[in-house]
Protein chains: 4
Amino acid sequence: MHGKEHTPREIKVGVLGATGTVGQRFIALLSRHPYFIIHALGASQRSAGKKYTQAVNWKQTSPVPAQVRDMVVKECIPEHFVECSVVFSGLDSDVAGEIEEAFRHAELAVFSNAKNYRRDPAVPLVVPLVNSSHFAMIPQQRAQHSPPLKKGFILTNANCSTTGVVVPLAALEKAFGPLESCMITTMQAISGAGYPGVPSLDIIDNVVPYISGEEEKMEWETLKILGGISEGDEGLKSFDMHDKHPLRISASCNRVPVIEGHTECVSIRFARRPPPSPQQVREALTAYTSDAYALGCPSAPRHTVFVHEEVDRPQPRLDRDYQMGAGVSVGRVRQCRVLDIKFVVLANNVAIGAATSSILNAELAVVKGIIS
Amino acid sequence: MHGKEHTPREIKVGVLGATGTVGQRFIALLSRHPYFIIHALGASQRSAGKKYTQAVNWKQTSPVPAQVRDMVVKECIPEHFVECSVVFSGLDSDVAGEIEEAFRHAELAVFSNAKNYRRDPAVPLVVPLVNSSHFAMIPQQRAQHSPPLKKGFILTNANCSTTGVVVPLAALEKAFGPLESCMITTMQAISGAGYPGVPSLDIIDNVVPYISGEEEKMEWETLKILGGISEGDEGLKSFDMHDKHPLRISASCNRVPVIEGHTECVSIRFARRPPPSPQQVREALTAYTSDAYALGCPSAPRHTVFVHEEVDRPQPRLDRDYQMGAGVSVGRVRQCRVLDIKFVVLANNVAIGAATSSILNAELAVVKGIIS
Amino acid sequence: MHGKEHTPREIKVGVLGATGTVGQRFIALLSRHPYFIIHALGASQRSAGKKYTQAVNWKQTSPVPAQVRDMVVKECIPEHFVECSVVFSGLDSDVAGEIEEAFRHAELAVFSNAKNYRRDPAVPLVVPLVNSSHFAMIPQQRAQHSPPLKKGFILTNANCSTTGVVVPLAALEKAFGPLESCMITTMQAISGAGYPGVPSLDIIDNVVPYISGEEEKMEWETLKILGGISEGDEGLKSFDMHDKHPLRISASCNRVPVIEGHTECVSIRFARRPPPSPQQVREALTAYTSDAYALGCPSAPRHTVFVHEEVDRPQPRLDRDYQMGAGVSVGRVRQCRVLDIKFVVLANNVAIGAATSSILNAELAVVKGIIS
Amino acid sequence: MHGKEHTPREIKVGVLGATGTVGQRFIALLSRHPYFIIHALGASQRSAGKKYTQAVNWKQTSPVPAQVRDMVVKECIPEHFVECSVVFSGLDSDVAGEIEEAFRHAELAVFSNAKNYRRDPAVPLVVPLVNSSHFAMIPQQRAQHSPPLKKGFILTNANCSTTGVVVPLAALEKAFGPLESCMITTMQAISGAGYPGVPSLDIIDNVVPYISGEEEKMEWETLKILGGISEGDEGLKSFDMHDKHPLRISASCNRVPVIEGHTECVSIRFARRPPPSPQQVREALTAYTSDAYALGCPSAPRHTVFVHEEVDRPQPRLDRDYQMGAGVSVGRVRQCRVLDIKFVVLANNVAIGAATSSILNAELAVVKGIIS
């Protein structure tokens, strides 16, 4: 992490879904943030009106931060958040659609972890270590609204498994040109399913080789994130879904008895012939730097991709907290007998895979002047 | 399981490495076998001379079978096993090479779980649900010995991960012709590493994305098993390693916190265009019957491959004991965006992946008249 | 397990809560029962009308038994169960109270796993390996009903943790006279909490030192079970709660990441001075035989209490399935520096701790002629 | 943690057993210490001569600290450590006896985690949050040596389970006078057994109700720590083993599938009648402050004993890292029906239960002027 000279003094932020798993992580991270100040907490009607410590079933390994202990939780309606320049949403997808739209309509900047707007053609799906260029869609999103918005917008981050794999893929496309195909098998942590989430009877001494909707998300979101923005006849922008260089992605998603940290076995084929060597791949991954870091976002990791040399790393328990989980680990870069190159990716699903990405996106929005 | 009318009355068998993990499973299975009778137990010098219950650190979930409780453990030298028509070896690879050779030399039929002779050009590597035709190499193996052997031979079964994947692959090649490529990502149980094996500190709340030598074994053994036997100029036979239809295999092997049952995500490409549909694949897998079952081997499972229809199966904890772990489970058969078809395989690594395969191989040898 | 000559041919039974965790275990056990025949399955309105395989989320390690696969699930109302001589209830306590009462009122014999009637002064709380004498309360229970019942009654079994500890305590009181105090610390399996039950995020790599209501249940139920039946002035019977020899019980209950099998560390003080030696305790535990076994109940274990000699046993994973989980394991019998004797108990919470106990109770009722 | 004004600038320290589990934790903690500077690393001959990163199989969740990465590991002989004012020993007990004696003989101050000298009548067994008064034995220890030592001594900390329970016991004896009896049932983490330690096959989905030698250690060490120092006729001091108020302790030790953090269920009886109430106990525990904190030791926790009010805490996964694991957590303080009061203790076995205690002991030695 590093800061920059010209960072803002203080920016008030709100957290929606503040008592949930992602909401708790938002609060833990924001309580130590250099300029985001937690100003309002939103949750369901059942929690509204209670002090945060009474409303929450706190499951983090650090205590409830002092500044929110006695904060009164509010309902998720825009009136309670008007003073917030940024609203982080950890809402579940069954309520996120309506609430986030209401907040955008009320001219609030919403950074969402929910899946609801990821496929919206006017909403950027931003992995902050990869495609901050997609912020360019925000003016069009505002303009399409009726009446046109001045400050409000919705920006989402990606599914936690997508985030892990898309960072090294972006680094490799940057270095070696377009990819042609990509096979991914995930071993995902239980925290990816929220709380109460996965019943212990289903996962202790077990693997569940299925996560509802996950493979489709990975196969679709990756294309939106790795793709660019095209401009049509009348100046209308659209996400190009990597369509100039069709990229075939096949994902197999599994749940394993790991608390935190998604491990993914990835194999890729480059368009370029001959493909780069494993050593060239390692170097390109190590050399890759995110815009977020270059622009001085305080939550950006120094090593966007950390490449392990040990033969048996990365491992979720040992490596998930490196750089506070804000970067991505890669190991076992080697040749693949079917495609070109294969490797193992580890990403902390609740840090870079969720709350940290939203916060980084908001930091990027600040740096880019989209939020003042 | 099913029996046949004309089975032998009693065949005396020995178990080498009787106190180890695989040896214990041999004993548990053989104690209930219709015609194999445990006659001699071999272990290291440290155990030799002790009663079995005193020599063993028994880790099975059923008690030590009554018939071996007081049996005196012997050293692994052929003299103690001369009355055995079959010798099952659960020896570790660091001692298996020499001991198994000594037993073969002493005219004993050795069914080995160790890796030492799997790559030997005269030793069949037999997954009993797949390539019992490779028994045809035994006469040549005996003939090459000096002096030629009359009864002795070594036959090995495959690595536990190889066994799981090779059964459905064989079924599909039988139905649809040769495969062209195969990507496999495994999630392997800790029991695959023996005892004490994987330290708990390494695997609780963790995934280890590396198992020494495992990927190489899977990529090589699969070719030997799925391949045929060629006959050269002078009538000399050799394993053809699937070389008429080159098959590219890429394996990524992971250890997960599961006690028993290897789960494998498999994606394949057929040579045939267009490839079969998922439904055709399901039907072919279900229809596949092993020689072992057709020939009436009592340990052969009725369903060689059991195809699950539920979206989230097979799972190791729930499905590993189906048919006493003697068959293979397949689920989630569906299209792959990179290759043709993908699916999930579950195989019980200590049953069909180890002891059960050796016993089935010995049953095949009995049926085929190789052992009398 | 053993049978007897004069067992009934066939007795039709129903299962309430047939899709739940306990209900599934009932069905798995009853499908192999020598004379209980599953005749009707009851579940919530949501399941009623569906075939069992469609209604259930089957979580057992054996497949759904053939005889219930296509059985249509019914609502839990007595009309659907009139042909059943026995009704096993695996209902949750939030609905068990009303439904079980309705079934009793309809002259059905209800064997319940729920806690609702355990404290009822007319309902026997029977651990079948301990206090089958409490069946003697049934006539009074029927008589108190208005109008008096001829066949209907409710009989409950105990909490799963209580069951484990009460068996060796009963054996020791039988051999050495009354106990004076008993300290128990439990390490309970997740299956004790049903499904979905304990969230995996709460228990992987963790211990939860609290189970709601559990300590109170253990401290109270043990007294009812170990106590006798007193007869008052007018011939009215009541449970004496061990009040002739006050017994102080202190329980500390913990949840641990174990799938099945409750482990309990127990320390006791006898009234008798000097107390028996550890060896005498071991012998008394081994010698103890249940009425259920003596009377030929087919589900009764041959070894009511199995005493382990190995220093590190019993262990849930290795010992929970011994005798199909129908007995209780005890190990590490040794002196206690504070009380007299301490030892470790293991009981399979879903077998003897739940479904097996209900079935044994029903077998006892058959043998005793309470059910015809 | 807090510092003080008059702390020393820099004190050079050595670590014996630097590649082991405890050694790694020493290094992780010392790398951030305000005045202890890692100067020399000792390990077995096999590691000697290698750079630390090459010698160690690093298993901590933070990377190898920069200052030791390239440090060359030495053999554990005093010559290599002469410049160290403090030597921390994480040696295994099979070698600790001889090596630690050699270091003491060479006038080095040895702070040991091994059990070898804990029962030595001249060696203090110090839990730094409890009995820093036992440092008073050091002059006598030096004097007994031939020739008398000027600087050398050995001081040990306690077994990890003992440490957890002895802190609240000391607090309660301080507030309410002597205890009379204490029953303890532990649920201990796998890291307490070092690396490779507990095989995963032994502990996943399991409890092992036995840890060799552990119960004896807890029952004996607690008496030495809670006892005082008596002075005999000729001014000779001895540890009194709490013999003025005999204290009976009974421990039952279990291994559970938890990575870090020992949970202990404790029940106690006070000599004082009537005993204090649960609320008085809570207050006394909260009020207790260690000498180490009062004297400004930088590694001392602000809350020696943190008392949880939530009904289901402490839990190892959630609470073990509070205050960097340097304090002890207590929860569920309530009445016991057999003794007086019962509660749950959680102590981080690798922090306060091992390395942190040694470092705190060394800080105490600095503050007390025993080390200069």
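Each position is counted from 1, following the chain as shown.
Heads up, the Cβ atoms here are built off N, Cα and C, so glycines get one too.
Taken from TrEMBL, the feature domain 'Semialdehyde dehydrogenase NAD-binding' covers D:12-138.
The active site, acyl-thioester intermediate annotation in TrEMBL covers D:C160. Cβ neighbour count for D:C160 (active site, acyl-thioester intermediate): 28 (other Cβ atoms within 10 Å of its Cβ, all protein chains included).
Under the heading active site, proton acceptor, TrEMBL lists D:H262. When secondary structure is read from DSSP and collapsed to three states, D:H262 (active site, proton acceptor) falls in the strand class. Taking the Cβ of D:H262 (active site, proton acceptor) as reference, residues of its chain lying under 8 Å away and at least six apart in sequence are, in sequence order, D:C160, D:S161, D:G164, D:T186, D:M187, D:Q188, D:A189, D:G192, D:P316, D:L346, D:A347, D:N348, D:N349, D:G353.
Look at D:C160 (active site, acyl-thioester intermediate): DSSP puts it in a helix. Each residue in the domain 'Semialdehyde dehydrogenase NAD-binding' (D:12-138) has a pLDDT score, and their mean in this model is 97.
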